[in-house]
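Engineer: Have a look at this one.
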Amino acid sequence: MALFVISINHKTAPVAIREKVAFGPEKLADALERLRCRPDIDEVTILSTCNRTELYCATPGEPDEISLIEWLGQYHQVSLTELKACCNIYNDEDAAQHMMRVASGIDSMVLGEPQILGQMKEAHASGRAAGSLGGPLDRLFQHAFAVAKRVRTETAIGENPVSVAYAAVSMASHIFSNMEQNTALLIGAGETIELVARHLYRAGVRSLIVANRTLSRARDLAAEFHGSAIGLSDIPEYLHRADIVIASTASPLPILGKGAVEKALKRRKHKPMFMVDIAVPRDIEEEVSELADVYLYTVDDLRQVIEDNMKSREGAAEEAERLIAAGAADFMYHLRALDSVSVLRRFRDQAEGVRDAELQKAIRLLNRGDDPESVLRMLAHGLTNKLIHHPTVQVRRASAEGRQEVTGWLRDLFQLPDEKVNND
């Protein structure tokens, strides 16, 4: 059995690649079913966020990572050359350590951000629901969650984290000196957009429009900040009002196109618009950036804002890395120990079989009236001979073949004392 992870993330691939290999909710169940049916995979699940797509796998034998990368390319119609250039592969203990780093927020663009742990738990739940988890990989997820909890409680990694939402609003504040006079249009109503709304409100924005596919959710979020709610189809009608547009949905296709933005700019008399597209795949067409009066940024453009704020938590990150390394080593120690369980069970069954056979023989002799002491001596002699016969034969054969290490294993296994050297 082997564990491995295939990772495409914000460090290895730009958003243009990441959006191609993203698994939306409509694709995830189908992808897991296809992977689950592969004979070279025992367990599998997928994590897909705006910053990463990762395949977590357990295989019955040596893993064939390239075959899985080929599958990923075929599924998303991306060339193998393009994918191989931006994939990181982690095996066994490195895979365990990587999963714990991801769950703890250490591998995130935003160091220590808490959202990733929830996303990892969703990936775990998806695998369980698909029937593609239930063994060592399942236990690794549980262990990773426990380590992530320790990192959160025993280090300062999560104190005042700078989120992608915060970074987006921070960039807007550099462009608009007085946010109270601005109107913000938020596309989506998930956790990230909710954080954006909170940061905008704290920054002084009081005119907020929330657009979402589910209008009731948009109304609930808008009500918290005294804003208004619209459906996605209403965006063209309201777009010209927005000075700030921040988008983060799970849509597989762009929601806001160049044509709609051009019309909005005309109605605004070309007053500039600031846009941040946090979504992967992107919600705003890339061509919108060609318009002279639009400042369009993607999640990758927020990196510098985030990195500037990460330096204060570098010490906490080092402490977290130590906890993660220890957690990964501990998991692999127990996982390797499990590999011996079936062998030890067969060994015990064999020994108990020898014991029962010799015991029955002794009972028959006692019932026949034989001397009890002689019967006990025969029982002890029979047990000793039967139990050590096969190991003795195998050790002698190994020594004759030059495999002296077997003798050392026997010494360690039975804690045999070193031979005394007679110097007389």
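Backbone N, Cα and C atoms are what each Cβ position is placed from, and that goes for glycine too.
Below are the features I grabbed from Swiss-Prot:
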- Cys50: active site, nucleophile (ACT_SITE)
- Thr49, Cys50, Asn51, Arg52, Ser108, Glu113, Pro114, Gln115, Gln119: substrate binding site (BINDING)
- Gly188, Ala189, Gly190, Glu191, Thr192, Ile193: NADP(+) binding site (BINDING)
- His98: site 'Important for activity' (SITE)
Engineer: Taking the centroid of the Cβ atoms of Gly188, Ala189, Gly190, Glu191, Thr192, Ile193 (NADP(+) site), which other same-chain residues have Cβ within 8 Å of it?
Structural biologist: Leu186, Glu194, Leu195, Val196, Ser248, Thr249
Engineer: Where the residue listed as 'active site, nucleophile' and Thr192 (NADP(+) binding site) are concerned, what is their Cα separation in Å, rounded?
Structural biologist: 11
Engineer: In the same chain, which residues outside the set Thr49, Cys50, Asn51, Arg52, Ser108, Glu113, Pro114, Gln115, Gln119 have their CB within 8 A of the centroid of the CB atoms that define the substrate site?
Structural biologist: Gly105, Met109, Val110, Ile116, Val164
Engineer: For His98 (site 'Important for activity'), find which of the binding-site residues Ser108, Gln119, Ala189, Gly190, Ile193 come within 10 Å, Cα to Cα.
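Structural biologist: Candidates kept after distance check: none.
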Engineer: Compute the C-alpha separation of Ala189 (NADP(+) binding site) from Asn51 (substrate binding site), stating it in Å without decimals.
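Structural biologist: Their Cα atoms are separated by 19 Å.
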Engineer: For Gly188 (NADP(+) binding site), identify the closest of the binding-site residues Thr49, Ser108, Gln119, judging by Cα separation.
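Structural biologist: Result: the closest of the binding-site residues to Gly188 (NADP(+) binding site) is Thr49.
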Engineer: Taking only the residues the record lists as binding substrate, namely Thr49, Cys50, Asn51, Arg52, Ser108, Glu113, Pro114, Gln115, Gln119, what is the largest Cα to Cα distance between any two of them, in Å to the nearest whole number?
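Structural biologist: Roughly 15 Å, rounded to the nearest whole number.
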Engineer: What does DSSP assign Ala189 (NADP(+) binding site), in three states?
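Structural biologist: DSSP call for Ala189 (NADP(+) binding site): coil, neither helix nor strand.
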